[in-house]
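Participant: Input: one structure, supplied below.
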Amino acid sequence: MGGKGNIFVNRRAWGSATPRLLYSCLVYSMGSIFFGYLALIGKFLGTILVGPLTEKFGHKNTMFFTCATQIVGVIIQTTSHHPAQYTVGRIIIYTAVGLVENVVPTYQTEVSPPPLRGFFVGSIQLFLTFGSLIAGIVNNSMSKYTTDAGWIIATAIQVLPAIIILIGLPFTPDSPRWLVSKDRSEHALKVLCTLRRKEDISNGLCEFEIAAIREEGTSVTHKQPWTALFNHQNRRRTGIAVVIMALQQLTGVTFSSSYGPTFYKQVGLGKYAFAYAAINNGVSVVTAIIGMVILDTFGRRSVTFWGCLIQSLFLCLIGDLGSKAHRTGSETNGMVASFILYAVALHATLGPAAYITAAEVGTSSLREKTMAVATAVNVVVGFVVVFTTPYLLSAPYANLGPNLGYVWGGFAALGAVWVWFCMPELKDRNLEEIDQLFEAKLPAWKFGAFETKGMAHEMAMLKNGEGKVEAMGLDLEEVEHMEIDSGEKANM
């Protein structure tokens, strides 16, 4: 008889769901968005603003704006006396988060030499996990306070990264590619000489790099509109960036970072929830460092493929062990170990690979917009994951508990299939080479073996230590007018 009362079995029950009833319940259910998820709207706003800001003012000025936005948000939060004011502060802070998750990878992509691009761009995953570790420790410490000092201190600490960045930012240069896009090639050359080794400067590598960037003239100096992301030349690249950023969320990154303590409580380890969550975050920091190295050593494609398979394995193991009605102590410990090892695989592979690939796959004239759209999709998918996870995880709703591992494990397995057929290998590729790779319309698994041509290919060989400027027989007259002598360069 119980089944007859279930509205999913007795479809006629939906006949009582009048339009007015649906509307009224929907309006009230949106309250959870305002008080729990509205901050993600700020992050979405940041992803939309970052493209125009970076293209017009450059990465450096955009970072100044981002830090100022973060500080304003923290001030609003710490001085609030009402939930509405605190929520406004959260929205502003998350706007800064949306900005920084775009401007950091694109800047690092543009200034890094190909052999180190994965290392530097992947560092964003390291600092995200390190931030989660510090936040967890601070929140646990402040939870013991019964006065306003507890939440004020925990909130105010958010300003520290912005202050640290503001101190160091004046000593960083603008992106040479952005300077070239503004017809400031001489300044770009000087900046590049501060970023490269002395032997590269004396060998003329910097001049050659500027020449290679300028060879892409139209692509660099004339930014395309948003609609160009979806034309026949760019939609494949946009799709790759969007899918890998969505996949990062769909394999359960929020399940790991936000609902770890809830998971531990559900499996009967509530008194150890904070300790296990801290261990999880601490191990993730270490593995994020490993990811920064292996993505440049073994390539984005193979590392991400195996990472997705390993994530799927441990997530399904969580579901398998968790589905047992009477778990032994060893099986419970196995679930905890699987949860931590899943996080290890995520933060060493797909986590940083998503930022690296989304930042480097776009063409020069659409790089900021490609990253912005990919991050916006990441925010939307992340919102869906954050919103649904409590309902999937706990009673009185789906109450899947550990079985939720099967859901995220399934997405991870699908992710491995997508990586094999769709994700290109861009390791050691000059940014100017990547255009040629996509113009050749190659299957994803053939990108690594394809040999590009022209100055972009020669530039990549030089940066990878496989040639010399003199041996290339290159004519650098187009950059000789740039007034910077060898003595000046050597001192930079």
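Each residue, glycine too, has its Cβ placed from N, Cα and C.
Taken from TrEMBL, the feature domain 'Major facilitator superfamily (MFS) profile' applies to 1-427. Residues annotated as transmembrane segment in TrEMBL: 21-42, 119-138, 150-171, 273-295, 302-323, 335-358, 370-393, 405-423.
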Participant: Hey, would you say the transmembrane segment (405-423) packs against the transmembrane segment (150-171), going by three or more CB pairs under 8 A that are 6+ residues apart?
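Facilitator: Between the transmembrane segment (405-423) and the transmembrane segment (150-171), contact is absent.
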Participant: Give the nonlocal contacts of the transmembrane segment (335-358) in its own chain as ranges (CB under 8 Å, at least six residues past its ends).
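Facilitator: Answer is 101, 105, 109, 117-118, 121-126, 128-129, 240-241, 244-245, 247-248, 251-253, 256, 260, 263-264, 267, 269, 276, 279-280, 283-284, 287-288, 290-292, 294-295, 300, 303-304, 306-308, 310-311, 314-315, 317-318, 321-322, 327, 370-371, 374-375, 378, 402, 405, 415, 423, 426.
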Participant: Could you name the stretch, out of 119-138, 150-171, 302-323, with the greatest number of CB pairs under 8 A to the transmembrane segment (273-295)?
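Facilitator: Between the stretches 119-138, 150-171, 302-323, 119-138 has the largest tally.
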